[in-house]
Amino acid sequence: MQRANLSTVSEFVFVGLSDAPEIRLLLFVLFLLIYLATMAGNITLLGAISTDSHLHSPMYFLLGNLSLLDLLCPTITVPKMLEALLLEHKRISFSGCLFQHFSLIAVVGTEIFLLAVMAYDRYVAVCQPLRYPSIMSTKLCAQLALGTWATGLLNSLLHTSLVFTLSFCGPNKIQQYYCDIPPVLALSCSSTRSRELVILMVAGVLGSSACVVTVVSYIYILLEILARSSPGIWHKAFSTCGSHLTVVCLFYGTTICTYVRPSFTYSPHRDRVVSMLYGMLTPLLNPIIYSLRNKEVKCALKRVISQVRRAL
């Protein structure tokens, strides 16, 4: 029965962002430029972190993982969207949709846990500066990074199995430009209530755990700042934590609006806008935020650019 259910719908059709040819061309150029800028920004940041010895520290190792995730997130969804805008090819196979869904949820989940690990790293840097090298050792950083990727993959495996073992026997038009949980669930011809509940519970527990780690870390940072009350402490703390805090607010705000809610509140037009924020603009802005707020990163980027110029 399950095999029959899975083979009933062999492909899905995305709803385009626009049917007007001139608008489609404009959107294609706009999103292509955003995508290329995102790739360039994150690849440059990764290159600076990997080649500059000044950035071989736990903070920048974790930032490198964030840049890698910001490379993967738009790469999973944007090329298919650009193909639909330029060639009007809006179809995707069932297996292709499943793989896209799995990859995207894995990346989003991993980023949530990675941001929590980065918050803990900032807590140690501010509250335990003398013990920072011993606490945030190379081994611990590697274990934490590996743990975030493993948890993200396992979380995605659970979500994907819950969604794609449902019956799909009727409409196959996805009200989105990629295979996301809410629009795919809306197409199922079987009851989704119990699976939605499981998805919300798992996402709630894991997301809340990561959020608690982040919030508690910043509470301790704030208490440490208030306890010291030394001149310049606020500026120093903001320079240490400001970039990460900005990224956290941007990422959590858009992700919660998209996923942490029941399907009856699903609005196709609103969700397409919100998904573009976390799927395209957040990966574009993250390297900019860290570059503008961090002198070490700016110096490393200048060195990388000068090396590239000399090589050319």
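Just so you know, glycine gets a Cβ as well, placed from its N, Cα and C.
For the transmembrane segment (25-48), the list of distant contacts is 17-18, 55, 63-64, 67-68, 70-71, 74-75, 78-79, 81-82, 85-86, 280-281, 283-284, 286-288, 290-291, 297, 300-301, 303-305: same-chain residues at least six beyond its ends, Cβ to Cβ under 8 Å. If you look up TrEMBL, you'll see 25-48 (among others) marked as transmembrane segment.
Mean predicted confidence for the domain 'G-protein coupled receptors family 1 profile' (41-290): the pLDDT average there is 84. The feature domain 'G-protein coupled receptors family 1 profile' is assigned by TrEMBL to 41-290.
Annotated transmembrane segment per TrEMBL: 60-78 (among others), in sequence order.
Taking Cβ pairs closer than 8 Å, the transmembrane segment (98-120) reaches residues 59, 62-63, 65-66, 69, 72-73, 76-77, 80, 92, 144-145, 147-149, 151-153, 155-157, 159-160, 163-164, 178-181, 184, 206-207, 209-211, 213-214, 217-218, 244, 247-248, 251-252, 255, 259, 278 in its own chain, all 6 or more past its ends. What TrEMBL lists as transmembrane segment is 98-120 (among others).
Look at TrEMBL and you will find 140-158 (among others) tagged as transmembrane segment.
Marked as transmembrane segment by TrEMBL: 197-221 (among others).
As annotated by TrEMBL, transmembrane segment applies to 233-253 (among others).
Positions annotated as transmembrane segment by TrEMBL: 273-292 (among others).
Outside the transmembrane segment (197-221), and at least 6 residues removed from its termini, the chain residues within Cβ reach (under 8 Å) are 109, 112-113, 115-117, 119-120, 122-123, 126-127, 151, 155, 158-159, 162-163, 181, 237, 241, 245, 248, 252, 256, 259-260, 262.
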